[in-house]
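Per Swiss-Prot, these features apply:
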- Arg48, Arg54: NADP(+) binding site (BINDING)
- Arg125, Ser126, Ser127, Asn238, Ala239, Gly278, Lys293, Pro294, Thr295, Ser296, Ser297, Arg319: FMN binding site (BINDING)
Amino acid sequence: MSGNTIGKLFTVTTFGESHGPALGCIVDGCPPGLALSEADLQHDLYRRRPGQSRHTTQRRESDTVKILSGVFEGLTTGTPIGLLIENEDQRSKDYASIADRFRPGHADYTYHMKYGFRDYRGGGRSSARETAMRVAAGGIAKKYLRERLGVEIRGYLAQLGPIRIDPVDWNAIDDNPFFCPDPARVPELEAYMDALRKEGDSSGARVNVVARGVPPGLGEPVFDRLDAELAYALMSINAVKGVEIGAGFGCVEAKGSVFRDEMSPEGFLGNSAGGILGGISTGQDIVASIALKPTSSLRLPGRSVNIRGESVEVVTTGRHDPCVGIRATPIAEAMMAIVLMDHYLRHRGQNQDVVRTLDPIPPSAF
């Protein structure tokens, strides 16, 4: 099985399954000298971990990360960093009834067709449980970018089902289980999720993620454009079915005179492009948005087939998130951090001696 590594200079390779003994990853390319401990990575893992509210899966995992290599006396050594999280609360018996059945909307069928065999326990490798290691690896990238470049990466829930959330209060995001930037809307979100749970149904969501303080110049045209690689990384998150950079599909209805990001000596006059032009960062906020589909694991009966091609009915009885978007915010932040870290190292390696005749334009004139 290939396709488990992302990055060129800062690389992340993950391994493990939902109901296996552990999940792990290897982070290679991190520069030496970064102060790093498990505590630095644990904060975001706690933000992502399951079982923290009635609105997410009730699987209880501490998601305690162990650093196995690449750190000595509290500093990164420049060698591969090995990370491990042990699974603690698997309940594989919940999946015995679907051992020979394909859950509609899941990767069961496609994994079976590709490999001729699959780990049916919680989805195996296709489970979002794998994203715990992305968050751990992303924690390294976030720390480096923050301490060396002053880059801050934050995400938030922008929409849950039909409920659109605006405006954004950055100080409120981590004060509720939804990562909702408007505390006044939290009771509405709770009522919506309670009703869904009673129905046995699920909901989709939209998550926005913003990187502030990114220097201009990151991105490698033409195939490794920064926006292309961000879209690639964000689309790799489980359940993501759409990615927008900046105004995204809103550009279809916009006129060029409005959409273009005009400039002045005082700064940019707009950011429709989401901080990226020609595949290269402008120095403005990098803004991305992901759309996550409704969870397919439902208590409601669904039609499907078994491994013999016979018609069957499937009811999922395991512990699942009724909306995967609720816990997706730290995952999206991690994937953006990994891409930005990789592109910073690539840019530094090729262009650190470039003499610029122009100081960067301020991100905003306002």
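Glycine is treated like the rest: Cβ placed from N, Cα and C.
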Integer Cα-Cα distance in angstrom, Arg125 (FMN binding site) to Arg48 (NADP(+) binding site): 18
Around the Cβ of Ala239 (FMN binding site), the count of other Cβ atoms that are within 10 Å: 20
DSSP-derived structure type at Ala239 (FMN binding site), helix or strand or else coil: coil
Local backbone state of Arg48 (NADP(+) binding site), from DSSP in three classes: helix
Assigned element (helix, strand, coil) containing Ser297 (FMN binding site), judged by DSSP: coil
Entry from the binding-site residues list Arg48, Arg125, Lys293 having the most other CB atoms no farther than 10 A: Arg48
Cβ-Cβ neighbours of Thr295 (FMN binding site) (radius 10 Å): 24
Conformational class of Arg125 (FMN binding site) under the three-state DSSP mapping: helix
Arg48 (NADP(+) binding site) and Ser127 (FMN binding site), distance between Cα atoms, whole Å: 14
Inter-residue Cα distance where the pair is Arg48 (NADP(+) binding site) and Lys293 (FMN binding site), in Å: 18
Inter-residue Cα distance where the pair is Ser297 (FMN binding site) and Arg48 (NADP(+) binding site), in Å: 19
